[in-house]
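Student: Provided herewith is a single structure, encoded as structure tokens, for subsequent inquiry.
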């Protein structure tokens, strides 16, 4: 089979990509071979005659909503077999379920007035059967893949409209009974509130229970694998509930608007759980002042072992949450405590941390996730022999149980890719047509999420109510509390029995482990700063998407979640330390870091930064089409790039990614930035755009400057939108 690019076909309201597919359909003996009695499949190529068939594949590239809906009925005829799945997974970015259903049923599903090309002869019974079969096929796929689209309590208008159509056109069919059952199911179920998804909500406490700081003895009583299994159980329950279209950049990026405070509750729930795990780690380590150095080190070791168990279970969400907590400023700065962590455990910690290295657009974690997405068990490789033996032993126990494992991903990776796609690709193309090529690219990410959700059905875990109740009743420390306790713990450790000689020996042991002969130098101590962001009380951790702590001060666009926040000020968001600067010493290649931020490039929210390859990985939607390099952050390419803009004073720690070209001037960029931050775009003249060069230097642009050519391309593409004096 070979493919050839057939160009484009333009119709009224639609543009199609055409690919010619050449397939061998028969191989027969030539005339001379037949005279000798030979058969085609037994002869060498020179004695055979091949017959080929060329078919045309049409894949819609852009179109009006009417054309896109009509294409649901013709896609199979055009050999675009994935179109229905792509449309159903992404249409919420440009249309509502009601609009699509009305077009499908009233315009194209009406047997008396249909203008559908293939069934223009309405007097034919065969034509009616063809149309009925096509409509039924689309509706069946809709109910199979996206039944949540019809959950519209209390009226269920779309479901009732669909039921009415089926009663009139397909009476007593399986489809009709299925819709009736779905309607009854929705009506019987109570509408789940956002807190209903949250496994860490205080509403889950038994009457009379109160939040409490962790008791070290009680925490130590839980076996490492039990804790990992219970965290995985909670993560699996939440991840399976994630509605894939909630992850689309055009939808998730609207979460900060006041009217969208309940938008995407399934994603907010995963964020809350991620933060709860991170806070639990910090609270168990710092919550008890009376702990000795060795006891605190044992708790750190226990969490590293739990993280390793999460790795065996292929739970990358809780694994990253634990690593993030251990790399937070308040835990990382406990240098004396880290000296008492055993060498073997430190090696495990180093290997687990490397999974989430930001090198080459987080290539390690991406490749590992794709490698193990559908594998039965984790593929564990370790450079340390003892750790390898331990891992294989635990893995063998899992295999002996005969139960396959699923994979729980770190959702922030997918959210980031979808946000970057939404930023880099236009929603509409020339003529006001919906850019469906963008939706095909988004579906590649959505399909990965769905695949991983399906794999989660392989888990066979049961809840341990004792641990879950313990986990829910933990009182989480604020950033200020954890930093204060961290300083107290370190001060107490400094006055302990360690002599200067033994301290030097400990430091040398850790520095040799990580950096050869270099000296282990913790960062300068400085309390982290908080920055106000928009959001309602109690939702500070929900106002952005999942993340760990590896974001510097310029890399919080859409992906920063505060692992620790203050109940006194729920509108505060604080930053944790960058991944390579916390929990282990930085390497020269990673740049220098301080508590204020990090000079190195790259973050989960930013697939191109700090990477030579730069563009978001993708596959072509249609065979034969050439791949296209998308604009990326921190690099100007083909007359475009992506910059990050924050609002001075309002959102000074939350950045929005904005695509600019070499034609964009200050008013255009300012207007888009205001829209991204959900502010009125009319006040363009009241703002000035500033590029951050360093901590004490800024580049201020004139009112009508060309941003692309005027910006400094040798520093991070970080901008501030500030009201004019």
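Every residue gets a Cβ built from N, Cα and C, even glycine.
Sharing the features that TrEMBL gives for it:
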- 56-187: domain 'N-terminal Ras-GEF' (DOMAIN)
- 223-492: domain 'Ras-GEF' (DOMAIN)
- 518-548: region 'Disordered' (REGION)
- 531-540: compositional bias 'Low complexity' (COMPBIAS)
- 582-629: region 'Disordered' (REGION)
- 592-621: compositional bias 'Low complexity' (COMPBIAS)
- 639-725: domain 'Ras-associating' (DOMAIN)
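Can you tell me where each of these features sits in this structure?
Tutor: Helix first, then strand, then coil: DSSP counts for the domain 'N-terminal Ras-GEF' (56-187) stand at 87 helix, 8 strand, 37 coil.
DSSP labels the residues of the domain 'Ras-associating' (639-725) in these numbers: 21 helix, 39 strand, 27 coil.
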Student: Considering every residue in the domain 'Ras-associating' (639-725), what is the mean pLDDT value?
Tutor: 87
